[in-house]
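**Q** So that we are looking at the same thing, I have put the structure below in structure tokens.
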Amino acid sequence: MASNAEPRDDSSGATSPTSPPSSNPPSRQGHRHTPSHPSHLRQAHMPPESPDDSRKDKDLAADGVEPQDHATTDIDSDATQQQGTTDEPSEAVDARTRLLENYDSFKTRPRYQHGYGSFASSHTGTETGSFEQARGAFHRPSLGGRQPTDTHMGSAGLVENYVPDSVTDGLLGKPKKTGTTHWLAQRAGIKHERLMYIFYYLPFTNWIRQYRWKFFQGDFIAALTMASFYIPMALSYAANLSHMPPINGLYAFVFNPFFYALLGTCPQMVVGPEAAGSLLVGSVVTEAIKAGHFKDDDGMKAGQVGGMVTGLAGAIILIAGILRLGFLDSVLSRPFLRGFISSIGLVIFVNQLVPEMGLDKWAAKSEKAHGSPLESLIFIFEDIDKAHKLTCAVSFGSVAIILVLRELKRRLQPVQKLGWVVYIPDRFIIVVLSAVFAWRFKWEEKGVDLIGDIRPPEGVRLFEPHFPFDQHNFKHVSDAFETAFIVALLGFFESCVAAKSLGSGKVKVNTVEKKHKDGTVEEVEEADGIRGMVVSSNRELVALGVANVIGGFFMAIPAFGGYGRSKVNSSTGGKTPMSSILLSAFTLLCVFFLLPYFYFIPKGVLSAMITVVSISLLEEAPHDIYFFWKIGGYIELFLMLLVFLTTFFWSLRGGIIVGIIFSLIRLLKHSTRPRIQILGRIPGTNEFENAEMLSQDGNVELIPHCLIVKIPEPLTFANTGSLKHRLKRLEDHGTNYAHPALPSVRSKEHNQNVIFDIHGVTDLDYAAAQVLSEIVSDYIENGTVVFFCRIPSKKSKVWLLMERSGIVETCGGEGKFFKNVEQALRATEKNGTFFEFSQGFAGDGDGDGDGDGDGDGDGDGDDGEMAGGEESGSSSQTTDVESGSGFGRRRRRLSRREVET
């Protein structure tokens, strides 16, 4: 802060603040030194230099310093007046100057500040000492803001301005509101916290406020493009994969995208029916037909069973979202998913050969056609002579045309002037042309199967809701629940992959000038998309669950987010969830007005589009197979092969079950194995690393008479079952990689002290606390001294459980708990077991522990002798003399022969 005092020239020889210090300073009274840095705090307590030269109260109040009224104080006014002359500024710095400069911040600074917020204290306490010495320290992590520096405010004002509202409300008698979110919201100036939560949990209320008409053109084009691509696909999924009426596939595009747009967190993701989910629904419908519950041509019953699977899948996802189980998207491994998706591609490819070859009538009379993919292939080869030639030509010709056009798009898209070809709806054009040809050349009379009338089943009105969990459908629940769970899991995983890939969209913010009616111009920020929407797995579960539960009421097939469909939406101009709402509107118009025109679409053409999808699923497998083979991931390759072969020879459901069981076994094996490590010191440093990894390279020193064990993870009932066994391996062999059949090769003398580094133990449950207590008790009974270091916090659940379980008392009190491994090693000297090795540990790099930096206590700091006059250079030991700082700067290092013995 700059001073308002004018430069003065008085008889005392004082100069201006900018003048250099006088070579002959006058006699000093009162202050011995005036710092060169101006300060309102000092000027508030210093006497005025003239009656007209004084700071106004308002100037002091502007800086938060209350004026001093000496008439109202208990101190005699004479004591407040400075006698004699004041000192001129000096550039010299002494202890008093530093005290004055730091006076502001010391009074309000926490004793221990670890820099979790926007500022960090340099006053961190002592470097050494046990955990017991710091028990009185109180630390409140800062969450942002400026560190308070003014100490002349009133106590209430100080607390009210610099302490969080959640604390001041209680101190000052105000209504107490706890919670970090509430405090941060107040600091950010958010007045309506309820609206904040509404915008978060109902994303529609957030993005609709930001919607601009300039977004509508891109959303309209994207929705129209997706409708031309995926409405024929929805008909194919329902008719050929789910074995349901084709209109049920359109229902999935009417309801699910609309409700996801209201509740979803990814603006550019579009939900719709997928091949995997549709195929799984079809397996339940087929099982019900085989069991004789209804006939193959009963569309009403097939729709009810399919709607029940969709409703169950939605209910499972919705409950998982309410329970905040969004982390489950990481449970299934990539190899399992790749094997499963590849097997789905194979199943779809084989199943679509039947309608593509015109063998539907023969398949209805054969049980093999509805069995495993292997049985379906056997049926096709046995009845290949019965295939319809025109149907084969139309179907396989459509497959060839779609594949050729897809490859042309892939090659022409990078060309600068031909990038527009990617937006050509080739599949929609093929569907329209095939319908025109079927009508013009009367393919139906020539034996080509057409899709026919697309209407609701007999006895069901358009958009008539049916409760999916009706008691008449309970007989299908046992078969449907397992499939619905798998549908939910796969659909959620695919949706999360798409949502995380797309994120919240790349939103660009531009600054533009906005002209008001009064002629003023204001610069405002305009975004080309929706801002403030963060992808959340839990809210994605809720959105997808609500959409599928509502879809289940209308007997729609399951619908989830797809990366390919969402990428088409993004690349064609869709920027907001309005494109999903428009897609639902276009599908609704199609249901009401365009269904009669779908009559002449050949079933083989719809099967051809699904065959192309199955080929794309199989195309991705070779890359993953090559990658895992290259890096030696043979277990991953085995899992992929296991799922694929089980699906091919058994069934799709069997492949899923086997894959999930195998994945869960691997996950449980990994989570129940404690990853403890034995630590050693890197020579010449204070760093301790995993001795099992570095001992073979000679880059680590094992500490004699000490077993340093690091536990780098939370301890729970799952990973403490084999903790005793693994600690026993470390005691006997010094590593966990040795086979249990190997006899003990580590001397018991090296286990006299056990130091547990538990910095990674951020959580400890009750069962694990019992096991740890038993381990410590066993060590103490055998005469081993146990130390703990680097406890996360004395206020944490870990410390409280260690106190309640008796671990602290069994070890010998809080004196056995230290801040780091170094302090614990110094504590072992008291037992006489570590004294000879740790001569260089006691001081700051010296050999005798007095901290003076020399080895013999003479203070010269330049000799290399150890305390006690030990000589170096013998055959059994070496002496290192190092000039670097840190403990062990002069140390006695054991030779390899002594370490081995």
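A Cβ is built for glycine as well, from the same backbone N, Cα and C atoms used for every other residue.
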**Q** Scan 335-354, 475-494 against TrEMBL and say which stretch is down as transmembrane segment.
**A** 335-354
**Q** For the transmembrane segment (250-270) against the transmembrane segment (581-600), do we get 3 or more Cβ-Cβ pairs below 8 Å once near-sequence pairs (under 6 apart) are dropped?
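**A** Contact confirmed: at least 3 Cβ pairs fall under 8 Å.
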**Q** Would you kindly list the residues that approach the transmembrane segment (220-238) from elsewhere in its chain, counting only those six or more residues past its ends and only Cβ-Cβ distances under 8 Å?
**A** 244-250, 252-253, 270, 272-275, 278, 423, 425, 427-428, 431, 451, 454, 557, 565, 568-570, 572-574, 579-580, 582-583, 585-587, 590, 598, 601, 606-607, 609-610, 613
**Q** Return the average pLDDT for the domain 'STAS' (696-828) as a whole number.
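**A** Averaged over the domain 'STAS' (696-828), the predicted model reaches a pLDDT of 86.
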**Q** So if I exclude everything within five residues of the ends of the transmembrane segment (637-665), which remaining residues of that chain have a CB under 8 angstroms from its CBs? That is, six or more out.
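**A** For the transmembrane segment (637-665), the list is 279-280, 283, 331-333, 335-336, 338-340, 342-344, 346-347, 371-374, 482-483, 486, 621, 624-625, 628-629.
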**Q** Mind tallying the domain 'STAS' (696-828) by DSSP state, helix then strand then coil?
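**A** Once the DSSP states are binned, the domain 'STAS' (696-828) shows 57 helix, 20 strand, 56 coil.
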**Q** May I ask for the residues of the chain that lie six or more residues beyond the transmembrane segment (387-406) and have a Cβ under 8 Å from a Cβ within it?
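**A** Distal contacts: 355-359, 424, 426-427, 430, 434, 443, 446-449, 602, 604-605, 607-609, 611-612, 615.
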